[in-house]
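Chemist: Annotation source TrEMBL lists compositional bias 'Acidic residues' at 461-480, 1124-1137. The domain 'EML-like second beta-propeller' annotation in TrEMBL covers 174-438, 844-1110, 1554-1821. Positions annotated as domain 'EML-like first beta-propeller' by TrEMBL: 565-825, 1264-1534. The repeat 'WD' annotation in TrEMBL covers 96-111, 176-200, 250-281, 742-772, 1077-1109, 1560-1588.
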Amino acid sequence: MLISWLLRLPRIGPPTHRAKEFWSLCGNALTPKRGVFGKTGDLQTILCLACAKDEVTYSGALNGDIYVWKGINLMRTVQGAHGSGIFSMNACEEGFATGGRDGCVRLWDLNFKPITVIDLRETDQGYKGLSVRSVCWRGDHILVGTQDSEIFEIVVHDRNKPFLIMQGHCEGELWALAVHPNKPLAMTGSDDRSVRIWSLIDHALIARCNMEEPIRCAAVSTDGIHLALGMKDGSFTVLRVRDMTEVVHIKDRKEAIHELKYSPDGTHLAVGSNDNSVDIYGVVQRYKKVGECISSSSFITHMDWSTDSKYLQTNDGGGRRLFYRMPSGKEVSNREELKLVQWASWTCVLGPEVNGIWPKYSDINDINSVDANFNNQVLVTADDYGLVKLLRYPCIKKGAKCKRYLGHSAHITNARWSHDYQWVITIGGADHSVFQWKFIPERKTKETLHIAPQETLADSNSEESDSDQSDVPEMDSEIEQETQLTYRRQVYKEDLPQLKEQSKEKQRALPMKKRERAPGSGVKLHFIHGYRGYDCRSNLFYTQTGEIVYHVAAVGVIYNRQQNTQRFYMGHNDDILCLAIHPLKDFVATGQVGRDSSIHIWDTETLKALSVLKGFHQIGVCALDFSADGKRLASVGLDDNHTIVLWDWRKGEKLSAMRGSKDKIFVVKINPYLPDKLITAGVKHIKFWHKAGGGLIGRKGNMGKTETMMCAVYGWSEEMVFSGTCSGDICIWRDMFLMKTVKAHDGPVFSMHALEKGFVTGGKDGIVALWDDTFERCLKTYAIKRAVLAPGSKGLLLEDNPSIRAISLGHGHILVGTKNGEILEVDKSGPITLLVQGHMEGEVWGLATHPHLPLCATVSDDKTLRIWDLSPSHCMLAVRKLRKGGRCCCFSPDGKALAVGLNDGSFLIVNADTLEDLVSFHHRKDFITEIKFSPGVGKYLAVASADTFVDIYNVMSSKRVGVCKGCHSYITHLDWDRRGKLLQVNTNAKEQFFFEAPRGKRQTIPSTEVEKVDWSTWTCVLGPSVEGIWPVISEVTEVTSTCLSNDRKVLATGDDLGYVKLFRYSVKGKYAKFKRYVAHSTHVTNVRWSHDDSLLVTVGGSDMCLMIWAHEPEGRREIRQCDSEESDIDSEDDGGYDSDVTRENEITYTIKALSTNMRPMSGVKPHQQLKEPTVDERQGVVRGSSPTVHFRPPVSRALPHPEKLQTNNVGKKKRPIEDLVLELVFGYRGNDCRNNVHYLNDGVDIIYHTASVGIVLNLTTSCQSFYVEHSDDILCLTINQHPKFPNVVATGQVGDTGDMSATSPSIHVWDAMTKQTLSVLRCYHSGGVCSVSFSATGKLLLSVGLDPEHTVTIWKWQEGAKVASHIGHTQRIFVGEFRPDSDTHFVSVGIKHVRFWTLAGRALLSKKGVMSSIEDARMQTMLSVAFGANNLTFTGTISGDVCVWKEHILVRVVAKAHTGPVFTMYTTLRDGLIVTGGKERPSKEGGALKLWDQELKRCRAFRLETGQIIDCVRSVCRGKGKILVGTRNAEIIEVGEKNAACNILVNGHMDGPIWGLGTHPSRDVFLSAAEDGTVRLWDIPEKKMLNKVNLGHPAHTISYSPEGDMVAIGMKNGEFIILLVASLKIWGKKRDRRSPIQDIRFSPNSRYLAVGSNESAVDFYDLSLGPQLNRINCCRDIPSFVMQMDFSADSLYIQISTGAYKRLVYEVPTGKQITEQTQMDRITWASWTSVLGDEVIGIWSRNTDKADVTCACVSHSGLNIVTGDDFGMVKLFDFPCPEKFAKHKRFLGHSAHLTNVRFTNGDHFVVSAGGDDRSLFVWRCVHAPH
């Protein structure tokens, strides 16, 4: 699907550079292709375009030509279509219309042949300079827009009479506006020098007159006869309105006239100028000047006359308001005489009457114009922001309320009422437009409801103004409280991974001890007492099955009232704030607090998340609602703008979003009849919204005064809305208009529910009311009282008439949720059953469990003490109100008494059964923080307070017997020892103290002894035995409480982040492992075990919940989902070591575009060197232009220059090379990439990659075909196995930053057979994409990045849309793979990492693999993954084991599946068999490749006949009866399953770079030598490797002798070897140097061997002296290392290019340097491989500042040179190329750094060798035709 959208884009670049770009959208990447102007046209600025079919495009240029394009190529030019620039082009069915600056419109047929031309300048309406900016042609009508803001309609058959539809002012600002005193006319004047008169009735221009100067202001005399115009040059002109003839023209000032006004009696004209003065002229005296006002110190901005024409008031630019006596112009200093003055008009912006136009607290002057309408007492203002505002007049208080109207684009310069106050006229400065607004007076608004008020923006600026706030009712205390609640957290759960990383940095410095392992037992949430009613509404519903769903803390609760049990949705990790139920009552949506707050939609039966919506709301989500069809969901965020979002929740897509309101929104409801409409209601507003594209348009409900709305529902038709206010009224709305209000409750109406025939409401007054369907009458009320509680209630009602916050109907009952945290069920006949209850508002801290009964007590800041039954009846047994809140409580050892510490410093002891007082004391002022009876008989009671003391009381005698002093901060925890003698105390300052009872004497105990003390309880958080409970990020979180189980095995802790954790006691050593559970939202304040350890009870601070957890001891526990999350620190067991894995993990991929030089070069680059003049030039000899033949003047008797290069085809006509075509690639990327070899087409082809090319190899013909669209190295490859997408391949590449630019990493999806790109996904994985995988249906693609977060992303690859993305792991992830049967489940593995992911909507949920289920299993580095039936997953590890997982829990380990790391696994879809590949020494039993059954129980091993000591398999794939294997040694082998026969399909160098390249002098074979110590012989026609020799050392360079019978090889260690080609025997070897040999060459006469090394030397050896190879000479004074060498054709000279960018010539064999340029110019070279020299200066490009041209080779014909560079490009130039930056063709495919390039004999092929990619590319040369 190729969409050609054609955009006009100004390109950045040098000024000559004008371009047209053709963009195509593929995936999510827009790729531009530059238009090719070719020979048909010259570059022009292109102004407009039109598209036709068959990829034909027409474009209009600045010079009047039209270019015709086909694809991206220019086909032809229509010369001179217009006289000058073509501004507009329009395509229609009949053809094309064009319009230009020459004022002509031309019509063309579909093939762009001219039909006709219409010259508008010649028509009736035409004028000189008319320029067409826009044209549109339909049928026989043509619309034309001109530069002077006119619109004409031309009818073709009457073309000389265009009809003027619209006109306006042209360029220049528009400032002047005046209205006629008694006719509906308005006059405007502008910088375009025209004055125009407009009729307000006909909306038409009546007259127009052009003046000499730009006009800045206008006024009409009182009788309407004269029109005065003030000009920009300081003059003013008076015209007769009747015929626009001039009366007078006067120029008394130099600066612009900005304001002029006639006096009401018509005798004077006041003219205010920018000269800071007002001149007064007498109208009757032919405008003679009669006075002037000169008190202003700044320019005059506004003026008004008094009604008796005796006074004038002015405003100036300095913000002063002055008064003058008329007509003399004397300033009035005594303000008393002005008190009775009445003003004829009010256009001033200063003065008490218009104070309200200015904002309260700022002194800005952005209001340009005001005008008062005295009749209706309103004021209109115009300002710099394009707003027209309507206010009351007079408005005395600053910041008055107003209505605002949009329309103008920027500043509005003037606003005036028409003479009869029917209209307002406003004019825009920069938009040149005149707006006419109809005024609707107040008394009429009621009748004109059908004229929708134009309410754009908010209806008014009411939020900031308080002038008339007096009519707003008092805010209800509860609502006041609620609006002030903040849900912002210091630390959000999302921040934890980041904080953990930061803390880990610190922690890595510490020596680590072995960490304590996690406990064997676990807990499971069993029951929660509590319901969130104090700040949430309408969050309680019946489900389909009659269960009750609500939320508390971070848990969604499903309560079964018959069995009194609860089930929990635990997907949230912070407070849930709202809940909505799907119309079918089976799904629920809940929204939570969070930095990026999420909404979960989950199933009430399975408790599984169906979709998670995130990435939009901040801080939290406060309201949700499903649409009636259940497909959409509306949500409101807690950000400052209370953003509203409409979602398609199943897809996880945001449909629309809009800022809701500055004030808090309490409720959102989608219209059940029209799902595009919705309402929101909240503090001081109700708004009606409708969806418009990706946004929402909202209008405020009109109700006179602003009330706070608490709830709202839609009624029985789409326009009826009912809302409940904070004053107890029900408002009934039709559309957005309030029809009536009904008083329903005392105090706010918090909840309402619509029934089929009626409504039910609940309010703060604790009454549930049933209404009929129009709220005419109340049918029944139920008061929530203790008296009517049914006997089956689970608890006690705390007070009568609690405030009702949620109401819902179903199953014959009314369900009610109260502010006090109770859930009640009201039977229609009256009895009320209490189902659930919890504490009311206020933090809960006090918790105690009974010493021998299943009971617990809690005490809270809500001033209640409660006793709860922990047995299955789950109810509150007793409650008592206290005079103060409490923070702690404790049962006596016999369970009869209960001590309670209060917040005023007193404490009580009550009877544990009746809760009646036994005794009370009040000795302290600050609150009591902890209270504990001593063990045994409970003789003493220790009472700790925030005053830093612990008081010890004797319980029997009720006396204080001791005080423990010496703490520096308030006391947080205390414990007794078993004997009741010793107290352990923790303080807030993290101090630990010991005191002796009963006196309270302080003791010092060494820490080693503390553990030996037999403590009766352990609730402290300090000390060596609990050191490990403090998390890594202890700076931001406190452990608030602990409790040791009675069997002393498990320590439970609660912390500030809402985690409950279990540790194995004792917790010595830092950062112990644990199990952790999330249910509480913010801080867990207390945890206690029940007397028999069967239950753990926890209380949450601000979530006011009491949670009961069932304890499941070790052994009894079946492995279950969501048992717990494992500890958050990665295990410090190292994940294992393997050199290959380490290399793969630590490799950093370079971006080609940013690569730097491979060789350590120094000096100035050739193209930047200044040339020294030659001898000839010094003598003034002029040289010819041809670089090969120099014409010299006859005096020089020098010989003509020889050829630069000896060429071998003497008799033939030489043909240059035009192009290179990629023919063959030898190489495969196996050493750091995996799973990248696959079968295609049932095993006919295989696909793999190397460098930046994807290669498809046909196994029968051995032909290769290539995908070359990648711009950089490919790192991963996968194929789509779904039959709907045959041969679809995805490849991911290296990239730079993930900023979506051209160098960003990208994934290409392409067809392996046609090589057509199907989609390009640019992605945010900075660094590169290291793994890709298709889902089961083939529609989704998973990618894993190399970015620091190792992001995991899911794409819909066909659309290029990102579905979801999530941080993967702190360390490298190697593979991410979809389950073969799923579109939503996938697994990722990496360094000490295995995660099981689920895609829910647009969110990724994940679980870490749980290892603890198997003894001694440890998390190690995981390398590969495969899948089995029934949710089995297999992961291969670094140690050679394979882990078997069920869901996310480890069930078995296949020990030593391989002896080394298991690098790759492949799941066969058709029979489920699994292939594994690893690193292993070949043995009789087998090797690195094994085939397993479906459950990884039995296997069969295969030997790879590669001759390697260790086989290392990196990629496996299974076809029909064959297995395809890719190895680390760059081989691809096919293994037969039956006979285990190996067939090597692909060979390559396994380690690079490949430095040496030598082509045979007469055959199409070549040699390569590389760092892997091998020399290989490749055959181009046969497409294969013929031979390889292992040298045992890295080789660096290689060369054939001229006859091809010998080969010389230079090594990295300084040695060189000469082999005989026929026998591969060594003829001779020598090591005279210690550093790498860079180049080695035979002389053309085969006598000498030159050896160039890194030691800046070239050694000569005489081969005729035999194989002992004694050095006969060497070249000295070489400035740097040697790069390339070439002999001359006569073997007498050698040229050397060096690392200092210098080329030198020496004699052979003397080694004498030749410096004379003339002598050098005469040498003919046998070959040319140098990158330096004047002849090749053109091969250096502009952007080689960091990187270099590394290699070059001139063709045997001597006509072309091909080069390789550090950017990985092969370039083809003409030779010689002495001009800088020569033209060339470039060929991509290699990675960064080409090392060598050579022509084969006869110039048939070019071979290029890659440095980074260890690959050899063979390019076929395409010769120019004869």
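Glycine is no exception: its Cβ is also placed from the backbone N, Cα and C atoms.
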Chemist: Determine which residues of the chain contact the repeat 'WD' (96-111) at the Cβ level, with the cut-off under 8 Å and only residues 6 or more beyond its ends counted.
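Modeler: 48, 50, 52, 58, 60, 64, 66, 81-90, 117-121, 126, 129-137, 142, 144, 154.
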Chemist: With a cut-off of 8 Å between Cβ atoms, can you find at least three pairs linking the domain 'EML-like first beta-propeller' (1264-1534) to the domain 'EML-like second beta-propeller' (1554-1821)? Only pairs 6 or more residues apart in sequence count.
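Modeler: Counting Cβ pairs under 8 Å, at least 3, so yes.
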Chemist: What average pLDDT is reported by the model for the domain 'EML-like second beta-propeller' (1554-1821)?
Modeler: 89
Chemist: What counts of helix, strand and coil residues does DSSP assign across the repeat 'WD' (1560-1588)?
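Modeler: Per DSSP, the residues of the repeat 'WD' (1560-1588) fall into 0 helix, 17 strand, 12 coil.
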Chemist: Which numbers of helix, strand and coil residues does DSSP report for the repeat 'WD' (250-281)?
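Modeler: Secondary-structure composition of the repeat 'WD' (250-281): 0 helix, 18 strand, 14 coil.
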Chemist: DSSP says what for the repeat 'WD' (96-111): how many helix, strand, coil residues?
Modeler: 0 helix, 10 strand, 6 coil
